[in-house]
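Per TrEMBL, the features are as follows:
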COMPBIAS  87-106  compositional bias 'Basic and acidic residues'
COMPBIAS  585-595  compositional bias 'Basic and acidic residues'
COMPBIAS  596-610  compositional bias 'Acidic residues'
DOMAIN    143-225  domain 'Gelsolin-like'
DOMAIN    263-337  domain 'Gelsolin-like'
DOMAIN    392-455  domain 'Gelsolin-like'
DOMAIN    809-867  domain 'Gelsolin-like'
REGION    83-106  region 'Disordered'
REGION    585-610  region 'Disordered'
């Protein structure tokens, strides 16, 4: 039934509320109209309307929810409309400008659209950094990383920050890196920030995928400690900050009295002149000045031990910057007395004759139930060990390093010194308790005024603390009369010597090489036979030289000529004879086939000869290692793809060449200075020395300094004197000494004819027939020179090292060169008159002492074997070699710098 509102006055159309939806409005309206049609009173209709709108809570909740949803829909529609309008306007502009793109292209990610800034890291890091396995350390100075010398690796200033790069080869032989930045506990904010920033810069510079790892002082990771073989130490102070100016490191001046016969012991005394005693040696620690004072009645042994102790302090705690001075009683400097507060009227004995040092007391710091525990450790029968220690292991109840547990903190009370030892794995709470207790210890207990509290972190202990323990950083005793094999034998050993030999960790000495006879030179006939055989097997040889960043082919006329600044590669192909199969095997393979077919198949399958390829890489003394890296990643891969399974790579450096490689040049092996293609604007005279070391195979012609003092009557030399003209003309002399070998004289003339073309005038002159106008003028003037080379008959070079776990001496071959002098070892050189003990800059004190004893053993042995030539012992340090030492090496020059 359709009702018309206008015809029925009882039907009322209420106004639509603003807060109602259209659906609920229709429902309410129909309900009121139904009541009115049924004859209900107006009050009933009003009550029904009120109950439907206000008294129904569920209806109200639904109404509010729909109202919220409708409002959000309206907002979403407006946002979508606005975005669509913006997109339409943008597309319209693109179409108008003709830059419309294909709609199917994928949108780039946000990080792909970023452009990396073009930063130049070359001012911070060199181009060779991270290209060789090893460790590099940089120190932050004025916002910039500064390379740290290798001798100071593992020594960190507390107020500095460092960047550590470890380069190594992974399983695939590719370069890989680990990057750390170390933060000192006293470092300023700018150093911390710069170390983190430059560590990331280094990673970007190398293109490494590793992350930069943060290391904090005293809380280093195991991986970081392994980089330095767990041998790191902390030094007070640091460099100037980029923002702030820091004062120099402040050192506490202390005076120690040195005593003890077998082991060095230090007793702190008052810092005044009256503390000196003429019967003892004293060590004055004045920061960067370490003064060793020797009394008039003190022994030389105590002085030597005090100096060695001062050298350890300088090396481990002062980074090698301190100056060590020896003073004897009566020869003191005014500065010495000024530090001690003035010179006393008389230096009298002040130490009692019955003096007994206070026995150190070791306490372990622990936290109990609400209180601090400090139990004393009985280190004679220590509970820290699983097995009880025997009393004879600790004479005079000396401490053992094994008592210190890395998870604990200890206090060592030495009366005039109190040390806090902190294990690396100890808890922070125990550390804080120990430091607080140590600060109050000297006030709680009666101690001298000069007593100090010193903190020691595990692995970075000071030398004074180490001296309180038995055999900590001491020189080990060895038996110099036995080698490694005889020491292991039980026969002939007894007593304490036998006990020491049974210990696995006991250091042994192997001096067998000192008692072996000198290697005789190879006869000329044998050398010529070897050269002939090796050259007969040579099928072909191709040469390459590094020019710029790639290898180019070397002309054949330049084979045998090398330059000290270049790298060369020679590909040699050798014939290898193949063993033929037996006739019975041939018959078995030929069964079931015709004889002719079987023979043809065997001829195809059985090659007459096989081949092998060897690649020789030669690097000059002044050449960088970039040549080897370029060859490894470019040329070597090409060779391996062509000669699969038949390629062998041999790397050589100048004057350390393979004998087989030398044989291919038939004694015409010339080494020039400089680079191959460098052309000097004003040509200078050049001098070449021809010398044979241990046999004709090892014959080289090497350019040396143009100096007449380098001539020798037993050798041949080639002197090139260019004219002052632009047409590359001059005169070349082959100088033959009066005692030179005739075969070498003929060889020198052949090398001269091969080296220089017809534009040079060539002349062979004997010693004493030199023309004044060109020869002596070209060589820089006449000077006295050696007239014999007897040292060539006696020269021997030995290497002393303890890298095998025990001290051993090995002999270099007779073809030794300057680069065989290892900087971290001791070298012994015998020239028939003197035995030189050559000490490198990175040699340990243990090696120096053992090598000195080995020298004495060798000199005594040679005195009995060759009494006509008694040797004298000479000590030589790197960089201060005398002429009798350097002339034993062919073409002695400056030491090459270690590769970076």
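Cβ atoms here come from the backbone N, Cα and C positions, even for glycine.
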Secondary structure content, the domain 'Gelsolin-like' (143-225) (per DSSP, counts of residues): 25 helix, 30 strand, 28 coil
For the domain 'Gelsolin-like' (809-867), residues assigned helix / strand / coil by DSSP: 24 helix, 14 strand, 21 coil
For the domain 'Gelsolin-like' (392-455), residues assigned helix / strand / coil by DSSP: 25 helix, 16 strand, 23 coil
Residues of the domain 'Gelsolin-like' (263-337) by DSSP state, where helix covers H, G and I: 24 helix, 22 strand, 29 coil
